[in-house]
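Below is one structure, written out as structure tokens; the observations come after it.
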Amino acid sequence: MAKIKKIFTNFLRLLALAATVVAIVFMVTSHDSAQVLNLTFTVKYSNTPVFKYFVIAEAIAGGYIVISILLSFKSLFWRLLVILDMVTAVLLTSSISAALAIAQVGKKGNTHAGWLPVCEQVPDFCDQVTIALIAGFAAAIIYFVLLLCSLYVVLSPIFVVTP
């Protein structure tokens, strides 16, 4: 049974790794140009600090996933995984939340602040950012499930009732 749990959690880690890689690739390659009143402006992820944070957080999570898969076969490392899985889940959640807030402003604008929506002028950029955010959201959900699995592995011996 323990072997099945490890296989399942490593499968989830590989899914999370795939989601983080997709999120990073789509965010880093997102760029577009638009011409407004004979002025050309270019948008790319690196123009926005929140999108940089998103990429860095996804990269940290992806690196941790690789390390955790390599070290998951050592029994002493499993207790530490709970804490690191929690940190990674929180990191992914904070980065996706911040990036979603900025993406919403880019898509809808903010009439109270006088910010106009930009996605009508740069649709390719917004489409790529949307795909990156969906992949990042998937990674965060997978990591939440991983956190629950890690908690179960660590806490299940505590709640075992012996007759």
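Every residue gets a Cβ built from N, Cα and C, even glycine.
Marked as N-linked glycosylation site by Swiss-Prot on the basis of sequence analysis: ASN38. Sequence annotations record features per position, and here Swiss-Prot assigns topological domain 'Cytoplasmic' to 1-6, 74-79, 150-163 based on sequence analysis. Positions annotated as topological domain 'Extracellular' by Swiss-Prot, on the basis of sequence analysis: 28-52, 101-128. Taken from Swiss-Prot, the feature transmembrane segment applies to 7-27, 53-73, 80-100, 129-149, supported by sequence analysis.
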Contact ranking winner - 53-73, 80-100, 129-149 against the transmembrane segment (7-27), Cβ under 8 Å: 129-149
Stretch-averaged pLDDT - the topological domain 'Extracellular' (28-52): 84
DSSP-derived helix, strand and coil totals, residue by residue, for the topological domain 'Extracellular' (101-128): 14 helix, 2 strand, 12 coil
Beyond the flanks of the topological domain 'Extracellular' (101-128) by 6 or more, those residues with Cβ under 8 Å of it: 26-27, 29-34, 36, 43-44, 48, 50-51
Around the Cβ of the residue listed as 'N-linked glycosylation site', the count of other Cβ atoms that are within 10 Å: 5
